[in-house]
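Trainee: I'd like to ask some things about the structure below.
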Amino acid sequence: MSHVELQPGFDFQQAGKEVLAIERECLAELDQYINQNFTLACEKMFWCKGKVVVMGMGKSGHIGRKMAATFASTGTPSFFVHPSEAAHGDLGMVTPQDVVIAISNSGESSEITALIPVLKRLHVPLICITGRPESSMARAADVHLCVKVAKEACPLGLAPTSSTTATLVMGDALAVALLKARGFTAEDFALSHPGGALGRKLLLRVNDIMHTGDEIPHVKKTASLRDALLEVTRKNLGMTVICDDNMMIEGIFTDGDLRRVFDMGVDVRQLSIADVMTPGGIRVRPGILAVEALNLMQSRHITSVMVADGDHLLGVLHMHDLLRAGVV
């Protein structure tokens, strides 16, 4: 396209709002297509013993990829297959235990219609999503989901806009309906998103990130305050645990306790750790979620916490560990 000048006074905001208005109207009309066919499609996907295989060409293919990804992350195993690649060997990935969702606004995609006889021969259930109930794909489908729109938001009526939005929303409707039917939980979602923030919050446990072994700052009750301070400095966690030879907790001493000792105006060189430690101390179990430990630490205004099984010291968790793990 050759370079053109911007029309004086052209209103980009108005143009954008017109698109939103058109697509809102189209989505409102989509409600009529959440019907018995929608129920049948959901049932086929719910009882599918294999995977939901999504196909689509061009823009429908882009929507199909997103649809498959949404299914897969919400409890419905799914993957995308490009129709052209399917015709040259990738159809071998499809089994009779699967369900195929084929997407085409016109319902006449030659790449997909060429695959339908093979899918029928394999007895693979076929769900077609099109904008034309009278199309070849709609008539060949076991279940047809209509996503017909009154007009595209593109003023030329050429670029897929309203139609792709309608298809995307229909896919979301299928995914969320199945999610609810399966009783899919946030914890289930986290299992497929271990690298995301939600995954870290719902999967990461204290024993995954706590300090253990030689990294644990600890001294005996008979230690001097000086020796305890050296241990605090060496381990760099802002605290030390006071425990016996069997790692049974007797108390804790933090940098906050040290400030209080200085405020007392006593000779710190003459003190033992037993004189200034806090008996007992707050602790958490190793198997709790890291985010639970974070909530406790924030509510108690502490930066570190002991990890223990009863009184037996197992580790120490610091706020910095939670930050590094991405829990905060």
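For all residues, glycine too, the Cβ spot is worked out from N, Cα and C.
So Swiss-Prot lists these for the protein:
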DOMAIN    42-184  domain 'SIS'
SITE      LYS59  site 'Catalytically relevant'
BINDING   75-76, HIS82, HIS88, 114-123, 148-150, THR222, ASP275  substrate binding site
BINDING   HIS82  Zn(2+) binding site
SITE      GLU111  site 'Catalytically relevant'
SITE      GLU152  site 'Catalytically relevant'
SITE      HIS193  site 'Catalytically relevant'
DOMAIN    210-268  domain 'CBS 1'
DOMAIN    277-328  domain 'CBS 2'
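On this model, are these features tucked inside or out on the surface, and what's nearby?
Mentor: According to DSSP, LYS59 (site 'Catalytically relevant') is assigned to a helical segment. The Cβ of LYS59 (site 'Catalytically relevant') has PRO160, THR164 as same-chain neighbours under 8 Å, each 6 or more residues away in sequence.
For ASP275 (substrate binding site), other Cβ atoms within 10 Å of its Cβ number 12.
The secondary structure of HIS82 (Zn(2+) binding site), as reduced to three states from DSSP, is coil rather than helix or strand.
Under DSSP, GLU111 (site 'Catalytically relevant') is assigned to a helix (H, G or I) in the three-state scheme. Within the same chain, residues at least 6 positions away in sequence whose Cβ sits under 8 Å from that of GLU111 (site 'Catalytically relevant') are MET57, PRO83, SER84, ALA87.
DSSP assigns GLU152 (site 'Catalytically relevant') to coil in the three-state reduction, outside any helix or strand.
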Trainee: Going by DSSP, is HIS88 (substrate binding site) sitting in a helix, a strand, or coil?
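Mentor: The three-state answer is coil.
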Trainee: Expressed to the nearest Å, what is the distance separating ILE116 (substrate binding site) and GLU152 (site 'Catalytically relevant') at their Cα atoms?
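Mentor: One finds 28 Å between the Cα atoms of these residues.
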Trainee: Give me the non-local Cβ neighbours of GLY75 (substrate binding site): same chain, 6+ apart in sequence, Cβ-Cβ under 8 Å, ordered along the sequence.
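Mentor: Correct list: LEU178, LEU179, ARG182, PHE184, ASP188.
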Trainee: How would DSSP class GLY75 (substrate binding site) in three states?
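Mentor: GLY75 (substrate binding site) sits in coil per DSSP, no helix or strand.
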Trainee: Expressed to the nearest Å, what is the distance separating HIS88 (substrate binding site) and GLU152 (site 'Catalytically relevant') at their Cα atoms?
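Mentor: A Cα-Cα distance of 33 Å.
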Trainee: Rank the binding-site residues HIS82, HIS88, ILE116, VAL149 by the number of other Cβ atoms within 10 Å of each Cβ, and give the residue at the low end.
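Mentor: It is HIS88 that, of the binding-site residues HIS82, HIS88, ILE116, VAL149, has the fewest other Cβ atoms within 10 Å.
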Trainee: Considering only the binding-site residues HIS82, LEU119, LEU122, ASP275, which residue has the minimal Cα-Cα separation from GLU152 (site 'Catalytically relevant')?
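Mentor: The smallest Cα gap between GLU152 (site 'Catalytically relevant') and any of the binding-site residues is with HIS82.
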